[in-house]
């Protein structure tokens, strides 16, 4: 019994030898790993106070691709308009195409067009280069939720010299399909100042850097620097756990800094990074992803694009990002609103500083004294509409003076425009009173309403905003009435505006000469812009003719009522005399 216990408790000589050998092997492995780590640390620059102290301005120039070279002298603008005959990468024969454009080390992303083999983009991208010629590489992929995005086609576009090319269809190198591109490039006359203006959000930091020029000694990179490669002076103000909607909910984390809204998600081996400059944000709205899942929608300005994952497309052409699955949606919404408000206030302060620095006080004083001596001061106003696009629509006479036309149809006491919209089944009518305009001269006001839409691609009613501007001459003999109208809920509604100009000159006590011109101002290039111009012009001409018919009927009705009132007064006087 004792021998059995000794064998169980005391190890044999073979077991002792095996244990010692394994321990020695483990110690050797740990020693080798420690040496390799030490070698890596020696070869890499340490992030500690012994690092070279670099001024902040110099460090920002190294981190920003636009500002890192002071010799940049060309701007290349690429417009990706449309594509056709793309490969159907999905099972239903469609694709979700988006484009990645590269010029040197600079990279841009287009928006994603869902379920289309013939997508329409109409988006433009700027690249800053040192010299020409350069090559632009454009690659179109099909977005896939889980698997690797599939290549749909690519094209290499050489830019040999400054100038502009028309819209040209390019064949893909290896795949079937075509893409329509337009390229323009120009040389910068003053590279330093102009690049600062073109750099967008990056130029906003210059105002703060001029006030203080600290040095960087202790620097520990944060998530904005490690994940998104943003400059080291950007700190995270707020951070929230959420998900981004992109044909699938990708859960990740949102980071908010003074200049950017960033999102990062890692789904299996697929990694999503989104960078949205606050400069590009037009509106932040509370929305719903589902009944029990509130969301926040970030809507960008027309022509603006975030960087990273392909965004969602709005029907009006603007880019939209939707974030959901917040722990507290309202708290995150307030933080985004406050940061955007502070950013815009910083822009206004920067604008005032620039205006103050560009003002020559001595010269301004001399001009003011000269104007006071003359007793007059000339004023130059900005044009309210684009007069180059206007074409003649109506040229004739109208049975009233210019002053009477304003008082009866356009003044604050007149309900003529409201009644006209009611007669066309308009709803939600709201018109402001006239107010003086320092920028355009005269008076301006805003008229909003919902107008019925008969197109199958539009909702039953579309929201319309009409800005009005009027100027009446000092002798009240000439009236200028201008309007800018934009529809919001129609396809490509954000791409164009309808400009109209009414010019009335009094000829006699009961008539005036009327000239009406109409034009469509395209704020952004569109592949169907000729169809948009012709259709919108014809539709607005019909509306102008209807306004004139109703105005003439209103005048006749008013004349009849005045004549009836005059006859009643005469009969009353005759009755009293009898």
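Glycine residues also receive a Cβ, built from the backbone N, Cα and C atoms like all the rest.
Annotated range for region 'Disordered' in TrEMBL, selecting from 539-558, 559-578: 559-578. Transmembrane segment is the annotation TrEMBL gives to one range among 12-33, 34-55, and that range is 12-33. Counting only same-chain residues 6+ beyond the ends of the transmembrane segment (12-33), none has a CB under 8 A from a CB of the stretch.
Helix, strand and coil counts from DSSP across the domain 'C2' (56-172) read 8 helix, 57 strand, 52 coil. When pLDDT is averaged over the domain 'VASt' (387-559), the result is 87.
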